[in-house]
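**Student:** Here it is, the structure, as structure tokens.
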Amino acid sequence: MSLALQDVVWRAGGKTILHGASLRFEAGQVTAIVGPNGAGKSTLLRIASGLLSPTSGTVTLQGTELNHLAPARLAAMRAMLTQETVLRARFTLQDLVVMGARVSAPRLTGQERTMLAEDLLGRVGLEHFADRDVMDLSGGEHQRAHLARVLMQLEAAVSDKGNAPGFLLLDEPISAQDPARQHLVLDLARKHARRGGGVVLVLHDLNWAVACADRIVVVHQGTIHAQGPPQDVLTDTLAQTVFGLEEGRVQTHERTGKPYILPHDIIFN
Amino acid sequence: MTSSRRQALIFLIALIPLLLLAVIAALNIGATGVHLSAFWHGTTDSDIRVDRIVLLRIRGPRVVMSGLTGAALAVAGAVMQGLFRNPLADPGLIGVSSGAALATACMIVLGGPWLVSGTWGVWAIPAAGMCGSFAAAYLLYLFATRGGVTSVSTILLAGVALGAFSGALTGILIFRANDTALRDLTFWTMGSFAGATWSRIGLLCPFLCVAAAVTARLATPLNALLLGESDAHLIGYPVERIKRLAMVAVACAVGPTVSFVGAIGFVGVIVPHLVRLVTGPDHRLVLPGSALLGASLMIVADTLARVIAIPADVPVGIVTAVLGTPVFVWLLSGAHGREVVS
């Protein structure tokens, strides 16, 4: 299964945010989209999910254009964690997670849904929270609860329809997490890819992107600036031209052989 | 099943005997000393025959009409609050009430006496109200829809503007109305079930059936919409279709009822909140709960309206406002221990 963008242009408010981006995401792979603020990363992800229709260009999932797929069919094939989910209702975590499977897996019994939801809450580190109100959670817990809902959407569809695990699109999934939970969330993403699903995530932390992604896509000023394996993409030149970092920030890790960015000698005046 | 879910189901089931109790009380209480017992006495006594006529022709339709109206307004309020993710959303927001008010005012003030009074009048005023309410809701929908996407915040703001504009036009009509028209219009704005008949209920029923059938399919999509339109779309719901269906359901529930009984405030806003305090935000519980509680409260309000100033019939809108205001303040004050959230 693959998710492909072809010559995607996005214009909004008289401004061109994306200038003809072409990309292909494969199942079984973790792709990290990185780039400076305002580069068009989230827009790219929203277009890939079908949330936005591109001004021109096409997005195809398994060879079919997204706008030709029925909403319920699409729901079983891709799920997305957005940044701006605000839930102002006193649902329990259990209810919230089960909500993810209402359309993608309609034939699952209530008991099957409950069991899968409990399992997922455990995997995101919220195992004793099933009966808690969503509104009583901290920011990080809230983000992981929604991650469980998004995973539920795809995993329930696998149980229901027996199809391959779909594409998991995550927009800054670790923005509200402490270091241990950042690792937990990205590990869940990798596991999804290892089971045959596709993962595309927007990340700001380049070190995490290098550590967890098989492929890095650099978005800069609305174009695909570079893409490929982390060690090929994250060079010192790129760090300088795209992210405006000083020379010599990108080093190569002795043990892993992967590049990393050195921030610890920065001194503020 | 969690304890909160069990508590919600018990509450929902308990609302059924509450509604029955309200119906029985409303049939037994009235200006004349007529009791339900008239039905299980013999038929020879002419007094009993009169009693039965009172029950079947006067109180019966009134109780049914007030119950249906209460249920319709409360469910429409719950749908609107879910759709707008706004706890203050009211069934009138999509223009149905202002459209009905303006069209009714036009008919009362500008319609000739042959149209407004007599046999035609009984139907002409509600028919005008219905046309006005549907036209207003449709105009608002067209205005807020660009490229197949309906903006609910535009509906909200345009609905307020439409309300003000229709209020101004109604004001002009009031200015040039004669005394009789003025009185009719004033009573319409306060709402009353005095004109309830079985034939009016018969006309109302198809609209309410459409509203009920559509609303039943909206419960889980409305839950997902509480996450926002983007997330509801990502979960797999056809969001634009759901918005259209919600507007159809609300227009069918509110337009015809408002046209028959006039503007009755507060029920649509308060009842869904009261239900949500017990059931939580799940629309599969909130919608039936609102229907049952809305019906019971409206029947009680109308019974009070009939008896507090015998032989006069107080407009029911006054009763709902007098009872509703303290409840509303209580809800806002947070004294019940839970936040008022949608």
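Just so it is clear, glycine is given a Cβ too, placed from its N, Cα and C backbone atoms.
Below are the features listed in TrEMBL for this protein:
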type     : residues  : note
TRANSMEM : B:60-80   : transmembrane segment
TRANSMEM : B:92-116  : transmembrane segment
TRANSMEM : B:122-143 : transmembrane segment
TRANSMEM : B:155-177 : transmembrane segment
TRANSMEM : B:197-219 : transmembrane segment
TRANSMEM : B:245-271 : transmembrane segment
TRANSMEM : B:291-309 : transmembrane segment
TRANSMEM : B:316-333 : transmembrane segment
**Student:** When only pairs 6 or more apart in sequence are counted, do the transmembrane segment (B:122-143) and the transmembrane segment (B:245-271) reach 3 or more Cβ pairs under 8 Å?
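**Tutor:** Between the transmembrane segment (B:122-143) and the transmembrane segment (B:245-271), contact is present.
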**Student:** Looking at the stretches B:60-80, B:245-271, B:316-333, which one shares the most CB pairs under 8 Å with the transmembrane segment (B:291-309)?
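**Tutor:** That would be B:60-80.
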**Student:** May I ask for the residues of the chain that lie six or more residues beyond the transmembrane segment (B:197-219) and have a Cβ under 8 Å from a Cβ within it?
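**Tutor:** Long-range Cβ neighbours of the transmembrane segment (B:197-219): 57, 60-61, 64-65, 68, 72, 75-76, 79, 82, 126, 242, 245-246, 248-250, 252-253, 255-257, 260, 282-284, 287.
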**Student:** Other than its close neighbours in sequence, what residues sit by the transmembrane segment (B:245-271), given a CB gap under 8 Å and a spacing of at least six beyond its ends?
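**Tutor:** Residues packing against the transmembrane segment (B:245-271) from afar: 65-66, 68-70, 72-80, 82-83, 88-92, 94, 96-97, 99-101, 104, 125-130, 132-134, 137, 141, 187-193, 195-196, 200, 203-204, 207-208, 210-211, 214-215, 217-218, 222, 290, 293-294, 297-298, 301, 315-317, 320-321, 323-325, 327-328, 331.
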